[in-house]
Amino acid sequence: MKPTDLAFDTVRAVLWDGTSLKLLDQRRLPRETVYLDIPDVGAAADAIREMVVRGAPAIGITAAYGVVLAARRLPADTPDWLDALTPDLERLAASRPTAVNLFWALARMKSVIGQVGADLPARLEAEARRIHEDDLADNRRMGELGAALMDPAEAVLTHCNTGSLATGGYGTALGVIRSAYGQQRIKKVYADETRPWLQGARLTAWELVQDGIPVDLICEGAAASLMRSGRVGWVVVGADRIAANGDTANKIGTYALAVLARHHGVRFMVVAPTSTIDMDTPDGAGIPIEERPVSEVLGLAGQPVAAEGAGAWNPAFDVTPAELIDAIVTEKGVVERPDRAKMTALMK
């Protein structure tokens, strides 16, 4: 670990002390910093669905600890642990359908449940801790790899929130940004608002301010003008699911940024751990896209902003075709100009 890793990494969204799970309620940022106690698996699933916690890696970590909480409520002499825990696994799996890390983490926990041995809750806790700790280590590795791709530039543009709030710590795309800023490869960050939940305004800007990294907020509609100005060298984003050919599902608006970046000659980077890559999904057409309540678009901060009687369409994610992506950065390495053959080679 380098000193810059600590200098620009102070935020944690998921806390586990061996007995209890606490989640930073991201719905209340930046006005309030409140950690919620998560007493059981039902509360963990609700926290994921209601976006107390969000970001694919953080969702997976939360789900893993949720399985631990579920196992601890069962008698030590439970005859069939998998049968007893299956409803809890299914409840967690149904909480957010697009984030593949959720299903990856649950599969790892299910594998432990299927192993013969004593004290299953303790073994599940050890596995959940490994998932959490490995995510942090992988993020720091991706930070180094992604920053190494960058020539010195005035700034980068990022979308949604991909930092410590969305992961086990440090971040995916924001991990690259943290590393690049620590190496003085960039001077500042532009973050777009990311409607309708305003993750860029509420979360990314807040997180970067906490860590002393200069950040300017923009409306999504300003992205094209920003790119045309020449101030941005890269667009750096995360991912909720990457298909076998490199097509990438991420927060709604990512696809538009990729189109704009290609038009303006700005390079486009996706940063995600290999747990986000779904080799069983051939391309982006097979990625399920969550649609959220229309009230999120028709209102803002709990107040109506649209004309009464207006409808809305509210997909939470979109799919960026692989041909618009210059690099996918993972903890295993970098795939430039991704396609199916390159993704297959990475995952071997």
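Cβ from N, Cα, C; glycine included.
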Checklist line | One of R28, R91, R96, R292 listed by Swiss-Prot as binding substrate at the site of R54, G55, A56, Q199, N250, K251 | finding: R96
Checklist line | Residues close to substrate site centre defined by R54, G55, A56, R96, Q199, N250, K251, Cβ within 8 Å | finding: I59, A99, C160, N161, T162, A166, G238, D240, A316, F317
Checklist line | Those residues of the chain, 6+ apart, with a Cβ under 8 Å from that of A56 (substrate binding site) | finding: A99, V100, N101, L102, A166, G238, A239, D240, R241, A272, T276
Notebook entry, point to check: Where N250 (substrate binding site) and C160 (site 'Transition state stabilizer') are concerned, what is their Cα separation in Å, rounded?
Noted result: 9
Next item on the list: Whole-number Å only: compute the distance from the Cα of R96 (substrate binding site) to the Cα of C160 (site 'Transition state stabilizer').
Entry: 17
Check: In Å, rounded, how far does the Cα of C160 (site 'Transition state stabilizer') sit from the Cα of Q199 (substrate binding site)?
Finding: 5
